[in-house]
Amino acid sequence: MKETVAPNATHEQVGRFVPYNGSSDSLYLSEAPPLPLNPWDVVLCVSGTIISCENAIVVAIIFYTPAFRTPMFLLIGSLATADLLAGLGLIFHFAFVYCIQSQVVNLITVGLLVCSFTASVGSLLTITIDRYLSLYNALTYYSERTVTRTYVMLIVTWGISICFGLLPVMGWNCLKDNASCSIVKPLTKNNLVILSVSFFMVFAMMLQLYVQICKIVCRHAQQIALQRHFLATSHYVTTRKGISTLAVILGTFASCWLPFAIYCLLGDYTYPALYTYVTVLPATYNSMINPVIYAFRNQEIQKVLWTICCGCISSTMPFRSRSPSDV
């Protein structure tokens, strides 16, 4: 049976992913007239393009460089892959919303976005765990057990992310019940609450791990200062630098994701669409910042980039194996 458009349906009620304005007479359509271009969707598409380009470079470097087969770079590669998929998801969503207004296509793109952003946050947690263990178990870090643990963390992270992404595709959506919609249609309110609570659990674990990392860094810096007879000021500068780096990493993650996670719990599908755009945009910026923090600051990746760009460094130059705590 051919679907029809409600007479008063707006461009935010037809075939859209974000946001939803809650009109009860809107219908989700497989065919509809061309939608007026929304500037917020354009900004999200541009962000997705930048995210895709950045992370594609990181993925290509790690994939084509044999020296980058260590657990640390596998986790960075997982993060870059998740962010790459998130960027592509934003681009596909923009293209499909304004070109192919279909329930199936929209659900697939929403599932891709949920899966990729969940994997991105999960990969950040695995990197934090890896950094902590590299300091806590420094003597046994470079062992087969670390490789096995890395693969287990990656399998668990991507397994959970794929499950979350499949939920709206497999039927847990609000296409047939507008009252159950969240601020992000077609995700249900319960679905978004679960995702938000999961985020807060990950954030709490990362916060606890970084607190422990700070304690270890301070203790190591003090021991080195005593052994080498450094001045107190030198110890203070070294410790402050390490703690500042960790604060920037955690602060960036929190500032990007906390507004959207909080709004997911407090917001309702009747709230203005502007609120959803304002909170979801910083969350996408986290995938734009991740390559800078976790990849482009790495000296080995910098060497490969310089080699590719201008051939300043020989491609046969050996790489120094670094601990995740150095990154």
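Yeah, the Cβs are placed from backbone N, Cα and C, and that goes for glycine too.
Taken verbatim from TrEMBL:
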- 54-294: domain 'G-protein coupled receptors family 1 profile' (DOMAIN)
- 40-65: transmembrane segment (TRANSMEM)
- 72-98: transmembrane segment (TRANSMEM)
- 104-129: transmembrane segment (TRANSMEM)
- 150-172: transmembrane segment (TRANSMEM)
- 192-211: transmembrane segment (TRANSMEM)
- 243-262: transmembrane segment (TRANSMEM)
- 274-296: transmembrane segment (TRANSMEM)
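Tertiary proximity for the transmembrane segment (192-211) is limited to same-chain residues at least six positions away from its ends with a CB under 8 Å from its CB atoms, namely 114, 118, 121-122, 124-125, 128-129, 131-132, 164, 182-184, 246, 249-250, 253-254, 257-258, 261-262, 264-265. Mean pLDDT across the domain 'G-protein coupled receptors family 1 profile' (54-294) comes to 88 in this model.
Outside the transmembrane segment (150-172) by six or more residues, the chain places 71, 74-75, 78, 82, 107-108, 110-112, 114-116, 118-119, 122-123, 125-126, 129-130, 186-188, 191, 195 with a CB less than 8 A from a CB of the stretch. Comparison of 40-65, 104-129, 243-262 by number of C-beta pairs under 8 angstroms to the transmembrane segment (72-98) places 40-65 first. Note on the transmembrane segment (104-129): residues 15-17, 28, 75-76, 78-79, 81-83, 85-86, 88-90, 92-93, 96-97, 150, 153-154, 157-158, 160-162, 164-169, 173, 184, 186-187, 195, 198-199, 202, 205-206, 209-210, 253, 257, 283, 286-287, 290, 294, 324 of its chain, located 6 or more positions outside it, place their CB under 8 angstroms from a CB of the stretch.
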